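Have a look at the structure that comes next, please.
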Amino acid sequence: MTAFQLQAPFQPTGDQPAAIDQLVDSLQNQHRFQTLLGATGTGKTFTIAAVIEKIGRPTLVLAHNKTLAAQLCNELRQFFPNNAVEYFISYYDYYQPEAYIPVSDTYIEKSSSINDEIDMLRHSATRSLFERRDVIVVASISCIYGLGMPAEYLKAAISLTVGQEFDQRQLLRALVSVQYNRNDLELTRGRFRLKGDILEIVPAYEDRVIKIDFFGDEIESIRYLDPLTGEVLQKLERISIYPARHFVTPEERLEVACRDIKTELDNRLLELEKAGKLLEAQRLDQRTRYDLEMLQEVGYCNGVENYSRHLAGRLAGEPPECLVDYFPEDWLLVVDESHVSVPQIRGMYNGDQSRKKVLIDHGFRLPSAADNRPLKSEEFWQKVNQCIFVSATPGDWELEQSENRIVEQIIRPTGVLDPEIFVRPTEGQVDDLLGEIKERVQLNERVLITTLTKRMAEDLTEYLQERGIKVRYLHSEIQSIQRIEIIQDLREGVFDVLIGVNLLREGLDLPEVSLVAILDADKEGFLRATRSLIQTIGRAARHIRGQAILYGDNLTDSMINAIEETKRRRAIQQEYNQKHGIIPQPIVKRSSNSILAFLDISRRLNSQQLEQVCENIEELSLEQIPELIQQLEAQMKEAAKNLEFESAAKYRDRIKQLRDKLLNHVR
């Protein structure tokens with residue numbers, strides 16, 4: 001029995017029990033790599049959840065984009081409501097890295113916008129890893145970037161116990177040293193205030209207030225308070241307050257780092273002057289000396305991450321410490337959609353280094369700036385204790401690492417079979433497709449169409465719109481939240497046909513889609529390779545009448561392989577259904593509002609997102625309403641403070657609506 005408590009309204013069925021047992025057995029026999037080869041819709045996430053429960057180790061679940069990470073986090077939180085399921089993605093809403101373009105002599109300064117809410121979730125993840133073992137962190141690939149040293153972060157934490165003697169002024173200095181700011185007027189995340197013998201802190205990793213009552217220098221009580229109502233939520237005997245930033249540099253380490261930076265600067269200036277690069281030398285000297293002054297005076301400077309090697313005391317070329325270093329030695333890695341995620345891990349380092357080299361060569365940065373980087377692929381895998389690759393189409397590298405430890409999961413709990421596949425010629429393909437679409441629309445079903453080019457997708461969208469089809473086009477410029485909303489609208493029948501290029505493959509859960517059409521299926525290449533075709537065909541694998549039409553004049557090797565693999569899986573599924581008397585059932589998966597789903601991860605929404613939630617009040621669960629009322633009250637007070645009385649009145653009315661809904665339920 002482990003600390004993980006899996007809660008699900010169903011038991012493992014089909015080949016899930018065998019898959020769970022095989023994976024657990026492989027992990028317990030200390031095999032480093034294993035693969036779960038699971039067809040679309042077979043419940044791979046549930047299988048992984050069951051494995052985590054049985055193994056009982058802290059787990060990192062790696063997803064290849066933020067949208068998929070959010071989806072996985074929501075699912076795992078439903079499976080493990082009593083355990084810590086954390087969300088760790090890049091905290092930038094906007095990020096323009098520092099760069100230099102020699103051809104036009106253009107220097108682009110780094111500019112970024114940090115999402116405070118996501119920063120809180122990142123801190124919550126690292127705090128959970130220090131305090132408990134029943135932790136699952138769902139992360140994007142950005143987790144392989146440097147994150148500061150876990151040992152220093154833990155060492156800098158301030159431990160407080162009821163009855164402990166702690167000089168108040170010393171405690172305030174300690175809070176400032178770990179990047180907390182004093183603000184006696186407004187108490188928000190990363191701030192504290194002192195009123196008489198009462199110290200209130202909002203830690204970096206949550207939005208509750210920690211209230212510490214002193215009697216002289218003795219800690220009399222420690223309590224968690226609701227930030228809005230002041231209600232006591234929990235009484236504590238002890239607490240650890242972790243730093244407000246992950247990058248923590250002790251004062252003595254900072255002095256050594258500044259000396260090392262100065263030494264490197266002197267050596268680099270000699271190199272540049274010998275090479276006749278006087279402009280570059282002058283530029284580097286001026287910039288670095290200014291940064292050194294800032295570091296010595298305030299312990300911080302813009303672009304401080306470029307000095308991370310010196311600040312951390314690493315040797316040249318040594319890998320930075322990142323999220324995986326916060327895990328204990330026996331941690332488990334799960335790589336979701338591994339055929340996409342693994343190549344992403346490989347590509348992160350090379351892209352970063354090419355940009356840094358230009359900055360270093362032209363005197364914008366010291367050579368040590370190159371060590372502020374993501375992990376190389378081999379460095380990342382060296383840190384991995386044990387790993388499960390999860391994919392319907394695992395890559396060759398994953399299969400090679402797993403050797404014969406490949407666990408197939410082909411049977412769907414619903415009995416739904418893999419789609420039927422039809423190959424049709426390209427001549428008259430659009431008119432043929434139009435007929436298929438009309439047939440599906442009559443049955444209130446949805447259609448996905450994938451094209452090879454953006455231009456073709458646009459033209460096809462226009463053509464279908466002119467013929468009265470409700471169609472949308474999904475392209476790469478659409479942001480993550482908008483993308484989820486478009487998919488949401490497709491599921492709810494706002495439109496019937498979705499067209500895209502490379503956006504219709506992994507991670508789309510669309511039970512309403514009964515037809516996938518692949519245009520130019522015979523054009524060999526990345527988008528029409530075997531794995532891509534299987535993934536795209538799989539988008540119709542959740543519907544009992546799922547079909548895929550491949551339009552092409554030739555049968556390529558990729559098409560043949562994809563068709564044969566789908567037929568093989570379909571035959572296994574049919575045989576299982578006949579043997580057990582299973583009649584395929586449609587997947588009844590309630591479409592959940594994307595903003596409400598985001599609310600499950602991020603308990604704080606901006607004003608625009610709050611408005612979208614309020615427009616869907618009927619969809620809110622009773623558990624979500626109190627949280628939403630608190631957020632609306634905070635927005636109402638903020639609006640009133642800014643003299644925006646119309647907005648404040650609107651929030652007041654929304655709060656009344658929500659309270660009425662709660663009261664009606666009680667009655």
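From the backbone N, Cα and C atoms, a Cβ is placed for every residue, glycine too.
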According to Swiss-Prot, which listed range is motif 'Beta-hairpin': 67-90, 91-114, 139-162, 499-522?
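So the range that Swiss-Prot calls motif 'Beta-hairpin' is 91-114.
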Could you list the residues of the same chain, at least six apart in sequence, whose Cβ is under 8 A from the Cβ of Thr45 (ATP binding site)?
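When sequence neighbours closer than 6 are ignored, Thr45 (ATP binding site) has Leu72, Glu75, Leu76, Phe79 within Cβ distance under 8 Å.
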Where DSSP helix means H, G or I and strand means E or B, what are the helix, strand and coil counts for the motif 'Beta-hairpin' (91-114)?
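Grouping H, G, I as helix and E, B as strand yields 3 helix, 15 strand, 6 coil.
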For the binding-site residues Thr40, Thr42, which Cβ has the most other Cβ atoms within 10 Å, all shown protein chains included?
Thr42
Helix, strand or coil for Gly38 (ATP binding site)? Use DSSP.
strand
Cβ-Cβ under 8 Å from Lys44 (ATP binding site), same chain, 6 or more residues apart: which ones?
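Spatial neighbours, sequence-distant, of Lys44 (ATP binding site): Leu36, Gly38, Val390, Gln409.
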What's the number of neighbouring CB atoms sitting within 10 A of the CB on Gly38 (ATP binding site)?
25
Neighbourhood of the ATP site (Gly38, Ala39, Thr40, Gly41, Thr42, Gly43, Lys44, Thr45): other residues with Cβ within 8 Å of the Cβ centroid, in order?
Thr47, Ala392, Gln409, Arg412
How does the model score the domain 'Helicase ATP-binding' (25-180) in terms of mean pLDDT?
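The answer is 90, the mean pLDDT of the model over that range.
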With DSSP, how much of the domain 'UVR' (626-661) is helix, how much strand and how much coil, in residues?
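Tallying H, G and I as helix, E and B as strand, the rest coil: 33 helix, 0 strand, 3 coil.
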